[in-house]
Every structure is written in structure tokens, then in C-alpha cells.
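Trainee: I have a structure I would like to understand better, so I am pasting it below and will then ask my questions one at a time.
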Amino acid sequence: MWGSQSSSMYKRTSSREYSPMVDVEDNSRLLLDDDDDVSKETETTNPPWICSLPHVLVATLSSFLFGYHLGVVNEPLESISSDLGFTGNTLAEGLVVSVCLGGAFIGSLFSGGAADGLGRRRAFQLSALPMILGAFVSGVSNSLAVMLLGRFLVGTGMGLGPPVAALYVTEVSPAFVRGTYGSFIQIATCLGLMAALFIGIPVHSITGWWRVCFWLSTIPAAALALGMFFCAESPQWLFKQGRIAEAEAEFERLLGGSHVKTAMAELHKLELDKTDEPDVVTLTELLYGRHSRVVFIGSTLFALQQLSGINAVFYFSSTVFKSAGVPSDMANIFVGISNLLGSLIAMVLMDKVGRKLLLLWSFIGMALAMALQVGATSSYLPHFSALCLSVGGTLVFVLTFALGAGPVPGLLLPEIFPSRIRAKALALCLSVHWVINFFVGLLFLKLLEQLGPRLLYSMFSTFCLMAVMFVKRNVIETKGKTLQEIEISLLAKP
């Protein structure tokens with residue numbers, strides 16, 4: 001049960017009692033000798049989930065901002081182009097969307113260094129600053145160039161935030177709810193997208209409302225920066241820095257006192273297994289070293305996620321639905337509801353059916369949904385039937401994406417990356433994500449004009465089927481295992 005926790009008395013143990021010379025099994029025997037009943041209870045009960053929940057909720061504000069800034073230009077794009085003088089220029093419209101993603105690529109490159117060098121909490125605060133500044137600049141812009149500058153600044157913060165959020169939530173969550181808490185990232189992203197869509201609704205009736213849409217995003221960004229002053233630091237990061245007593249204290253805040261000894265003993269066990277590895281993680285090691293295959297799997301998974309076409313739906317759903325005769329505000333509401341519904345279902349299933357199965361069925365559903373979109377382009381269908389297929393296919397696509405392809409990669413990769421390379425490996429994988437995301441945002445409308453919806457959606461469906469085959473062959477299951485157990489099992493493989 002979520003609320004179950006040990007009733008044993010806890011006395012903080014000095015770092016000497018976690019000496020690396022003591023094996024985890026020996027540590028367990030010592031615990032049994034001291035208090036057999038207490039030890040057995042500690043082994044068979046889960047930590048109290050409520051301890052880590054507030055820290056996870058504050059961290060997911062970065063994901064809310066991520067979703068908000070992805071969708072903030074969706075509804076107001078026509079008003080922005082009209083006010084800033086580039087109406088009808090699809091390339092300029094694409095730049096307003098995609099320059100943010102270019103900034104995110106730059107930010108993601110530095111996220112690993114920031115998370116490892118400054119710590120997870122300060123990295124969150126660092127990501128909030130350019131999002132506050134960039135949102136203000138975008139809101140006061142009077143030309144395309146100033147708007148692009150503001151969007152680029154926002155993007156750098158967006159690039160810093162998601163890798164740190166994935167790291168932080170993975171590292172502070174108890175194993176038995178880590179999947180559920182990882183789903184909070186996707187849910188927060190959905191809520192951010194929906195907030196952007198709802199806030200953008202008055203843009204056609206209130207002159208200059210698009211400026212307010214940007215300014216409002218400074219509120220959650222400031223809340224993230226301030227909230228991190230009160231949150232726990234990652235115990236894994238503190239342990240890597242040699243701050244053993246602080247890591248122990250944070251484990252106590254996050255897991256409860258009765259689970260600290262086991263968590264610390266596992267960290268020391270990992271330390272013993274990696275004594276021959278250098279402290280500095282280089283790009284060459286990530287690309288060609290012993291962990292290069294895991295990095296390849298992570299990069300490919302994020303690439304296939306973006307090549308599925310999901311962000312084309314989020315960025316340009318208003319434009320596409322409008323061409324189909326559906327009011328854009330109504331379409332956007334339904335897209336947001338589908339996204340949120342899928343994320344809630346994923347939250348319930350993540351720690352029950354596992355990451356891999358959700359990922360497989362998610363990509364299969366997305367491929368079928370894109371097939372519906374292709375069918376909607378047939379000239380043999382009546383207009384109403386084609387419209388239903390187009391709208392229904394889009395909503396099913398978003399729903400099935402949120403079931404697995406959306407939340408799973410950001411949770412799975414921090415789980416399977418060893419702690420020593422976790423931050424920098426995740427940053428590298430997300431940089432691949434942002435590069436492809438950038439070109440999808442920049443070129444989608446052009447490709448839609450030149451290739452037509454049938455060929456373009458067929459390409460998206462093909463990428464989804466490729467993802468199914470890739471996941472089946474390469475992805476491992478991690479549900480219910482601690483990060484230390486996953487890493488130990490991977491280290492044991494030849």
C-alpha cells in the first residue's frame with residue numbers, strides 16, 4: 001500500500017557505518033542481528049510516498065512551462081503575424097515556433113553539465129531565469145526579430161528544464177511509484193498545453209491579448225525558482241559529490257528514516273563496482289564507450305518519438321482543423337482533453353503493466369491513428385466522413401501518444417542510465433530530440449503544402465511502426481526496481 005511505512009525507531013547513522021568495505025548483504029545481516037523484526041519490516045514495506053510528493057510537484061512546474069511554451073503560439077499565431085507584419089509568410093510563422101526549439105537544443109546541451117555541476121535544484125532555478133526574461137521580451141516585441149529573440153531565450157530554459165526534471169523525479173521517487181510520478185511530468189506538460197490553448201481563446205476578440213499570453217508564463221517560472229529553495233536535493237547527486245551526511249539526510253526526507261540504511265548501502269555497493277571508471281564523463285565515452293549502446297537506444301527512442309509527428313499536431317492543430325472546417329478553439333480543447341486523458345491512464349498503468357508494454361501499444365495506436373488521417377484524404381469519401389476521420393484520427397493519435405510514447409522515454413532513460421553518466425547522457429539524447437523537433441516545427445507547413453497530407457501522414461505512420469520494432473528489440477523493463485538494482489543488473493551483464 002502507498003501509505004505503508006515502517007514503525008521502527010530510526011537513529012541516523014554516521015557515514016562510517018556505510019563504509020564501502022561492507023557488502024550490502026553483510027549490512028543486511030548486521031541489521032538483522034540488531035533487530036530482526038525491524039529489518040524484516042524494512043525489507044517488505046514500501047517507503048511513504050507522501051514524503052517525496054511535494055518535491056515532485058514543484059519539479060513538474062518545469063514541465064508545465066514546457067507544455068505552455070509549446071502551445072502558446074498555437075492560437076495567437078495569426079494575431080502575432082498580423083501585428084508584427086509577416087502575415088502569410090509560412091517560413092516566418094514556422095520560425096516563431098521553431099526558434100524556441102533551437103534555443104532548447106542549446107539549453108539541453110548544457111543541462112547535463114548544469115545538473116552535475118550545480119546540482120538538480122540550482123539547475124531548475126537556472127532554467128527558470130531565461131523563461132522569465134524571454135517571456136517578457138516576447139510580450140513587448142514590436143518586430144519579428146525581437147519576437148524571435150524572446151522565443152530563443154525561452155527555448156534555452158525549456159532545454160534546461162526537461163532533462164533536469166526527468167533526472168530529479170527519477171532520483172527522488174520511491175521505486176514502487178516512480179512510474180506514477182514520472183507520469184506527472186507528462187500530465188504537467190498536458191496541463192501547460194491546455195492552459196496555453198485556453199488562455200489563447202480571447203486572442204481574436206481582444207487586441208494585443210497575445211502579449212498577455214506570454215507574460216502570464218512568468219508566474220509559474222517564478223514559482224519554480226522560489227519553490228526549489230524548499231525542495232530536497234537529489235541524494236544520488238550529493239553522494240557523487242562526497243557529501244554523504246547530506247545524502248543521508250535527504251533520503252530521510254524523501255523515504256522516511258527506516259529506509260535510509262538500505263538506500264545508502266546500495267549506493268556504496270555501486271561505488272565499489274565502479275572503482276575503475278574515471279570521474280569525468282566525456283562525449284567520446286558516451287558515443288563509443290561501454291555505455292554507448294544504452295545512449296544509442298535513448299537517442300533513437302527520442303528521435304522516433306518526434307518523427308511520429310506529434311508536435312506537428314500540437315503546433316499547428318489550429319491551422320489544420322481550420323482547413324477542415326472545425327473551429328480552432330473547439331479543436332484545441334478536444335486535443336488538450338485527449339492528451340490529458342491519455343496521461344492520466346498512463347499514470348495508473350505505468351507501475352502495473354510496465355514501461356515497455358505501454359510504449360509498444362502507444363506506437364501501434366499512433367500508427368493506426370495516422371492511417372485514419374491518410375484515409376480521410378481519400379476523394380471517395382463524403383465530406384462529413386472525411387471530416388470525422390480527420391478529427392477522430394488526430395484525437396486518437398494524441399490519446400495514444402500520451403499513453404506511452406509521451407511519458408515513457410523521459411522516465412525510462414534516467415532509469416537505465418548509470419548514475420555516473422545519467423545527467424550528460426540524458427542531455428545528449430534530448431539534444432537529438434530538440435534537433436528533430438526543430439525541423440518538424442520549421443518544415444511541417446511547407447511539407448504539408450508540397451507533399452500533401454496523404455504522403456506526409458503516411459511517413460509519420462511508418463515511423464511509428466519502426467518505433468514498435470525498435471522498442472520490441474531494444475527496450476528493457478524497469479518497473480518496481482530501484483535505480484541501484486537496475487544499475488547493478490546492467491553492470492552484471494557482459
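Backbone N, Cα and C define each Cβ position, glycine as well.
Okay, these came from TrEMBL:
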type     : residues : note
COMPBIAS : 1-12     : compositional bias 'Polar residues'
DOMAIN   : 55-479   : domain 'Major facilitator superfamily (MFS) profile'
REGION   : 1-20     : region 'Disordered'
TRANSMEM : 49-71    : transmembrane segment
TRANSMEM : 91-111   : transmembrane segment
TRANSMEM : 123-142  : transmembrane segment
TRANSMEM : 148-169  : transmembrane segment
TRANSMEM : 181-203  : transmembrane segment
TRANSMEM : 209-231  : transmembrane segment
TRANSMEM : 294-318  : transmembrane segment
TRANSMEM : 330-350  : transmembrane segment
TRANSMEM : 357-378  : transmembrane segment
TRANSMEM : 384-413  : transmembrane segment
TRANSMEM : 425-448  : transmembrane segment
TRANSMEM : 454-471  : transmembrane segment
Trainee: Counting only residues 6 or more past its boundaries, what in the same chain has a CB within less than 8 Å of a CB in the transmembrane segment (148-169)?
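Mentor: Sequence-distant neighbours of the transmembrane segment (148-169): 55-56, 59-60, 62-63, 65-66, 69, 95-96, 99-112, 114-115, 120, 123-124, 126-131, 133-139, 141, 178, 181-182, 184-185, 214, 221, 234, 410-411, 413-414, 422-423, 426-427, 430, 434.
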Trainee: Which sequence positions outside the transmembrane segment (357-378), separated from its termini by at least 6 residues, show Cβ-Cβ distances below 8 Å to it?
Mentor: 304, 308-310, 346, 349-350, 386-387, 389-390, 392-394, 396-397, 399-401, 403-406, 408-409, 412, 452-454, 457-458, 460-461, 464-465, 467-468, 471-472, 475
Trainee: Considering only the recorded stretches 49-71, 91-111, 123-142, 294-318, 384-413, state which has the highest number of Cβ pairs under 8 Å to the transmembrane segment (209-231).
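Mentor: Of the candidates 49-71, 91-111, 123-142, 294-318, 384-413, 123-142 scores highest.
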Trainee: Counting only residues 6+ away from its ends, which parts of the chain sit with a Cβ under 8 Å from the transmembrane segment (454-471)?
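Mentor: Distant Cβ neighbours of the transmembrane segment (454-471) are 300-301, 304-305, 307-309, 312, 356, 359-360, 363-364, 366-367, 370-371, 373-374, 377, 405, 447-448.
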Trainee: Residues of the same chain, at least six outside the transmembrane segment (294-318), with any C-beta under 8 angstroms of its C-beta?
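Mentor: Same-chain contacts beyond the ends: 70-71, 73-75, 77, 97, 193, 286-287, 328, 331-332, 335, 363, 366, 370, 394, 397-398, 401, 405-406, 409, 412-413, 416-417, 421, 425-426, 428-430, 432-433, 436-437, 440-441, 444-445, 456-457, 459-460, 463-464, 466-467, 470-471, 474-475, 490.
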Trainee: May I ask for the residues of the chain that lie six or more residues beyond the transmembrane segment (425-448) and have a Cβ under 8 Å from a Cβ within it?
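Mentor: Hits for the transmembrane segment (425-448): 90-91, 93-95, 97-98, 101-102, 104-105, 108-113, 115, 159, 162-163, 166-167, 281, 283, 286, 291, 294-295, 298-299, 301-303, 305-307, 309, 311-312, 315-316, 319-320, 413-414, 417, 456.
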Trainee: Any chance you could find the range in 91-111, 123-142, 384-413 with the most Cβ pairs under 8 Å to the transmembrane segment (49-71)?
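Mentor: Checked against 91-111, 123-142, 384-413; highest Cβ contact count belongs to 123-142.
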Trainee: What parts of the chain pack near the transmembrane segment (384-413), using Cβ distances under 8 Å and only residues at least 6 beyond its ends?
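Mentor: Distal contacts: 162, 165-166, 169-170, 178-179, 182-183, 185-186, 189-190, 298, 301-302, 305, 308-310, 313, 317, 320-321, 324-326, 331, 334-335, 338-343, 345-346, 349-350, 355, 358-366, 368-373, 375-378, 425-426, 429, 467, 475, 478.
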Trainee: Do any residues of this chain, six or more beyond the ends of the transmembrane segment (123-142), have a C-beta under 8 angstroms from a C-beta of it, and if so which?
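Mentor: Apart from its flanks, the transmembrane segment (123-142) reaches 59, 62, 65, 69, 84, 103, 107, 111, 114-115, 149-158, 160-161, 164-165, 168, 211-212, 214-215, 217-218, 221-222, 224-225, 228.
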Trainee: Would you mind giving the whole-number mean pLDDT across the domain 'Major facilitator superfamily (MFS) profile' (55-479)?
Mentor: 85
